[in-house]
Amino acid sequence: MKLFELGERTAQVHDVLVTVAELAERDDARAVLLESADDPALLRPYLNRLDLVVLRFSIFRDGRGFTQARELREYLRFSGEIRAEGHILPDQAAFLRRCGVDSVVLPKNGNGDPGLWEKQLRQFPIAYQRSVLPERAIGSGFRVEEAP
Amino acid sequence: MSVPVGHYQYDRIDRDFLQARIAEFEGQVKRRLDGTLSEDEFKPLRLMNGLYLQLHAYMLRVAIPYGILDSRQLRKLGEIAQHYDRDYGHFTTRQNIQFNWIRLEDTPDILRELAEVDMHAIQTSGNCIRNVTSDEYAGAAADELVDPRVHAEVLRQWSTLHPEFTFLPRKFKIAISGSPNDRVAARFHDIGILARPGDDGTPVFRIFVGGGLGRTPVIGEELFDSVREEHLLATLEAILRVYNAHGRRDNIYKARIKILVQAIGVEAYREAVEAELDQMELDRYRLTPEAVAAIRARFAIPLLEAPDDADAVLTQQRRDDPLFDRWVRSNTHVHRDPGHIIATISLKPAGGIPGDATSGQIGRLADLADAYSFGEIRITHLQNVVLGHVRKDRLRDLWLGLSEVGLAEANIGLIGDIVACPGLDYCALANARSIPIAQKLGARFADTALQAEIGALRINISGCINACGHHHAGHIGLLGVDKRGEEFFQLTVGGRAENGAALGTILGAALPEDETVDAIARLVDCYLGLRESGETFLETLTRLGHEPFREAAYEAV
Ligand code: HEM
Ligand code: SF4
């Protein structure tokens, strides 16, 4: 498994990764795997002990993970690491980061080239909306500087 | 360079962003060609940049945000039609322009040419927030309460490469109007927004959700009556967040927000949106007066000066020239300034292809816009073109200029003003050819005096159930169906997209293609025979019901 860091937090490796259903039984679990259909609010009772939430993308077109990440950051104030894995594209790097994702498991095909991910993170100098990151506003409008 | 009137003026930051987007797309094309991106992966990425694969070639759909262009941009579109397409472009019902004969390898170059004039193809397709549409008379109409373009631009910017909402279950269309007379079909959009002034003068927004046409036509329902300006973006984010999390992804025909709203009910949807708003850090989403002012400042305002006798001159000219008078009657709208008038130029010549314009016509339109309307051009959702600010005493000169290039058809809002999708001539999904039937109907009712006599009557044609031609919303709607390999058309009547939005209902069995035009002609004759004085087609239909029209349409079949 090759990890790529999107910028915010350093990626940590965890030996135990459990599903949401398993969390209640496993007091030792510090990392949980969220499927796209899982409601992040289910993690509320466990947030204090969780270091890592992994969002699984079954296909890159299914964008539920972006909303899950934002809910974790914005509603649940989760301050640990969020990681995306599964079918993801380098073209999604900045979207993931701006929704609060810190790292990705690089896909094992051409989409896993770290150079592409690196490049994509720097593709756009600005963005046209606020995100969960503390990005600097440009002037009095709502454009922000996108700093990788 | 003078500042263009009518749309947001880009600054260096916006231009750098466009260049970055083009570079990104160019990289994506390269990865597709070298195989690192599969076609399945490339497809959504190219769609998000307006590039479709059609029956015979690629099609590029270029965004015309809220339908407004300046003459420099229009000329560029004409050049692209000439160099990269077959010398014409097609204006769509969502205020975009499409080029139907594009080569994949040419697209980065075309995008670069577009960027020279601050244009792009961003989010004109794909399962993301699409190009925002607005009222074609925005900032000009006398009946307007709030100029919707500033907020349309706010929405354009906010939705551009939105990190959370770029991989939605399905496409997402937003329209915004600031007039009590709905000219945007607000209730046929995923989100329809009607702006009006609030108590303190800042706008408030009425928001409809879950409307749409396609194979499951639904009229949007009111979600909120009065959203304050500062909470506009927060509210839209909350609506989209609920949709992104809960919209169906297992069946593309059930993936639009309308299906979710229907499934859980508008009350439950509202509660879900309110639950999001309760948890959101509203400050982060606040649309501040300063942000709105910063965008408003980048719109140039036309200096509307007209001689005192402008109105009198026009009145006299109309009296002197009945042909001109007929055009003024059907093709103009009241401007907020008494010395000016709004002129709609029909792209529906009798027997022509609705919405098509040649590069020659496009260039001429740009010249006329420069001469008569501050260089500003608007594209309507009915595939026509508007010059928004014409001095009344110069309207006749404009009309003469239009006549020279065959663009003086007097049929706006009349039976010749047909909306049609591309149909089987271009589209892989089609059951029938929409364009030839539109041409035949146009030819049948070519006489503009007859059209004026018939009065307000809209025909909409779709080549299949996807309803790109909005047949459900036509006063008379035609839907192409395939019966054992033959083209048939199903007739609906009574649809409307204006105030009092309604879906058309089926009149009877589908008709073979070669009987359809005659049937419609009989239906129209029937209306002319039965109407009481001053009654429109829709009013007569409402009074008498389907029966007489059914009998007339099917009498000879
Ligand atoms: C020829 C290529 C085209 C194809 C393959 C195509 C395909 C489709 C499909 C599949 C839908 C239904 C989507 C849904 O309901 O989820 C749709 C909707 C729509 N299309 Fe097209 N279309 C094409 C061209 C056009 C053109 C040229 C126009 C404008 C004149 C247009 C306007 C629309 C509109 C307004 C809708 C929306 C109906 C709604 O969302 O409520 N389309 N199209
Ligand atoms: S309505 Fe059908 S035939 Fe017409 S453009 Fe849309 S998908 Fe194609």
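For all residues, glycine too, the Cβ spot is worked out from N, Cα and C.
Nobody curates TrEMBL annotations by hand; they come from automatic prediction.
Annotation comment: TrEMBL describes B:58-117, B:353-403 as domain 'Nitrite/Sulfite reductase ferredoxin-like'. The domain 'Nitrite/sulphite reductase 4Fe-4S' feature in TrEMBL is assigned to B:125-278, B:418-553.
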(request) Could you pull the average pLDDT for the domain 'Nitrite/sulphite reductase 4Fe-4S' (B:418-553)? (result) 93
(request) Please list, for the domain 'Nitrite/Sulfite reductase ferredoxin-like' (B:58-117), how many residues fall into helix, strand and coil according to DSSP. (result) 30 helix, 18 strand, 12 coil
(request) Mind tallying the domain 'Nitrite/Sulfite reductase ferredoxin-like' (B:353-403) by DSSP state, helix then strand then coil? (result) 26 helix, 14 strand, 11 coil
(message) Could you give me three numbers for the domain 'Nitrite/sulphite reductase 4Fe-4S' (B:418-553), the DSSP helix, strand and coil residue counts?
(response) 57 helix, 28 strand, 51 coil
